[in-house]
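Taken from Swiss-Prot as is:
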TRANSMEM  11-31  transmembrane segment
TRANSMEM  81-101  transmembrane segment
TRANSMEM  114-134  transmembrane segment
TRANSMEM  154-174  transmembrane segment
TRANSMEM  186-206  transmembrane segment
TRANSMEM  237-257  transmembrane segment
TRANSMEM  265-285  transmembrane segment
TRANSMEM  304-324  transmembrane segment
């Protein structure tokens, strides 16, 4: 087929890799919601979803059908355009954040030299979705939830970014593939242990997951910024939250635990196993920790996480300068 030039083949392969990887991410996010409900039932000594299909295996299909057929209701005095745009931005930004994660050698949607900066930019874009949802709903609980979420996310993104600077300094690159290759002998979690701890805490907070789910606190805010959403608009917020968990888990693996590297098994299998482990940690955290007050969450971030990241960065810089002499 002479019309298939090498450039066209390269473009088609890139599109194929992007479609496969992003479909897998969406599927993992959807199945994590089912697995979380089953595991929470086990932890709380009750049954999880077990009626639809064998052992509840078709619960996701039932939920999807329900979402499609629920009324797509928009509040009377809301800003209809922004109200509709918010869940799309939330879903798309969190999905695109995964594009810079290499799942195995050569399998990455966008192998950018500024990969970490791209991730931070997408994480910052998700804040706009929350603000748009809260403001456009014309609901006081939505607005309060959006204000909480934006303040919490912007604060913890500072710690998230600073915790990555030590990894960048050690690898000498913002490229995710270069960072994975730099861990061929020692995983970054050993020299960057405090950076990993801060990144994990900030990652949970940025995803608005328990115990940092104050923006969605049912007892105080009646489900927060997406209280007025229903149908597939709510579904986009819901799936987007789990895609964020998959992305943060994959970044923990890539930045601190050697990415796809491991003995005996294929690289993709190692990456999937490590990522699944951290996804499980999100569920265990939700099952075991109480929700603190909002002021305690913000105080913890600025008084503990920020000094910890700065100390980690200063020590890393000092060690690199000492080794260069």
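The backbone N, Cα and C atoms fix where each Cβ goes, glycine too.
The stretches the transmembrane segment (11-31) and the transmembrane segment (154-174) are not in mutual contact, being linked by fewer than three Cβ pairs under 8 Å (pairs 6 or more apart in sequence). Note on the transmembrane segment (186-206): residues 123, 152-153, 156-157, 159-160, 162-164, 166-167, 170, 179, 212, 244, 248, 251-252, 255-258, 282, 285, 297, 301, 305, 308-309, 311-313, 316, 319 of its chain, located 6 or more positions outside it, place their CB under 8 angstroms from a CB of the stretch.
Ranked by the number of CB pairs under 8 Å to the transmembrane segment (237-257), the listed stretches 81-101, 265-285, 304-324 are led by 81-101.
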